[in-house]
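Asker: Following this message is one structure expressed as structure tokens.
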């Protein structure tokens with residue numbers, strides 16, 4: 001190797017192309033950072049090519065067939081990661097290459113690559129992501145350096161490029177070697193396709209021809225257990241807590257407090273969500289849709305609760321109940337909602353006793369302190385026509401006492417009417433709570449089912465292709 005020049009291409013002529021065969025062996029998916037949209041993975045990039053200047057006859061060298069030499073001493077292809085998200089575009093780890101006597105050079109250096117990966121948050125946390133590693137020569141075009149896939153079955157198909165042109169693409173379904181793959185705790189590998197294509201870059205290299213690149217695609221499906229337990233289930237629980245707002249009695253004074261507490265909890269989940277997913281306006285994540293739906297429901301519950309409390313604490317001195325309110329909330333809706341207003345047992349007993357006493361012409365003055373006004377008022381109304389006659393038979397103190405009793409009876413009657421109106425307003429608020437309890441229960445169940453069950457991965461029965469490698473890798477020898 002005295003006259004060997006590591007800066008010259010290993011070709012017989014300046015125009016002869018060199019074929020580099022590539023094979024990517026995935027060791028581990030270290031991280032898929034959704035915020036920065038970067039995939040970090042540990043790989044071994046196997047590269048095989050022929051360097052005729054490094055061939056020898058084993059008979060002349062004691063039967064030596066293979067040599068291991070530092071890669072800095074020989075020519076190596078200038079392959080770089082096109083979609084690199086770090087400062088290191090090429091492999092910098094010092095490893096030795098395997099040199100065969102025929103001139104075949106095999107170099108399989110390990111590397112940790114950080115590649116750009118566009119994250120689609122539409123179905124988060126039940127999402128699938130497609131990330132890729134794009135390798136190619138930075139200097140040589142296809143006329144001088146050709147790339148091919150190594151040790152895989154390939155097929156050639158015709159695809160339409162982004163510019164609308166047809167191009168032939170070589171595809172390998174099992175393009176990534178997973179024999180030494182260490183399973184990820186967050187992602188399942190659903191496919192591992194490799195594509196070889198030749199692409200022109202007229203903007204930078206108009207006269208150099210097409211440049212060959214090989215793209216290794218990883219279709220990743222997220223394991224949803226962590227986010228389901230720590231994010232989805234709490235959100236669903238908070239959503240259904242909204243229903244309990246309408247079951248809480250208005251007299252407790254805690255209805256609005258419960259609503260505000262739920263709003264604060266949802267705000268915390270929104271803050272957690274912004275720290276997990278990238279700040280994109282392209283698509284709203286699935287869990288974001290559900291949180292937004294829950295936020296709308298809680299906001300509506302606050303509005304309805306305020307209205308119900310306003311109705312609950314109304315009095316005859318401030319509001320008069322319209323007839324349509326009586327018809328709708330005291331007659332129609334209770335029947336539809338299977339609500340039955342309990343009867344006043346004392347009033348029913350008094351009515352029966354009153355009829356009996358009127359027949360016997362007796363006034364039960366000591367029957368009920370709040371119901372005596374009804375019989376006395378009736379007697380007083382019947383006696384108004386004979387008021388002058390009564391005054392002739394009763395002395396002034398008796399008349400004065402009788403008038404005072406009648407006045408007290410009228411006050412008690414007015415109080416009874418006011419109490420009845422108060423109870424009507426409270427019952428209207430109760431009917432309103434029952435109505436929205438049913439509506440919100442239906443809305444929460446329907447919304448939860450409709451939003452969360454939209455994710456396509458919930459109906460994907462495909463088995464992850466990396467499952468077959470787990471027993472060997474996870475066992476301890």
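Easy rule for this one: first residue shown is 1, then count along the chain.
Using N, Cα and C of the backbone, Cβ positions are placed for all residues, glycine too.
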Asker: If you check TrEMBL, which stretch out of 203-221, 260-278, 317-335 is marked transmembrane segment?
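Answerer: Range annotated as transmembrane segment by TrEMBL: 260-278.
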Asker: Which is it, of 153-176, 177-200, 225-248, 345-368, that TrEMBL names as transmembrane segment?
Answerer: 225-248
Asker: Looking at the candidate ranges 129-151, 290-312, 382-404, report the one that TrEMBL labels transmembrane segment.
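Answerer: In TrEMBL, residues 290-312 carry the label transmembrane segment.
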Asker: Pick from 435-453, 454-472: which range has transmembrane segment per TrEMBL?
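Answerer: When 435-453, 454-472 are checked in TrEMBL, transmembrane segment belongs to 435-453.
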Asker: Please work out the mean pLDDT for the residues of the domain 'Neurotransmitter-gated ion-channel ligand-binding' (3-224).
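Answerer: Mean pLDDT across the domain 'Neurotransmitter-gated ion-channel ligand-binding' (3-224) comes out at 89.
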Asker: The transmembrane segment (435-453): which same-chain residues, six or more beyond its ends, come within Cβ distance under 8 Å?
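Answerer: Answer is 232, 236, 239-240, 242-243, 246-247, 286, 289-290, 293, 297, 301, 304, 308, 333, 337.
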Asker: Near the transmembrane segment (225-248), which same-chain residues lie under 8 Å Cβ to Cβ, leaving out any that are not at least 6 residues past its ends?
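Answerer: Residues 124-125, 186, 254-255, 258-259, 262, 265-266, 269, 272-273, 287, 290-291, 293-294, 297-298, 301, 304-305, 308, 433-434, 436-437, 440-441, 444, 447-448, 452 contact the transmembrane segment (225-248) from elsewhere in the chain.
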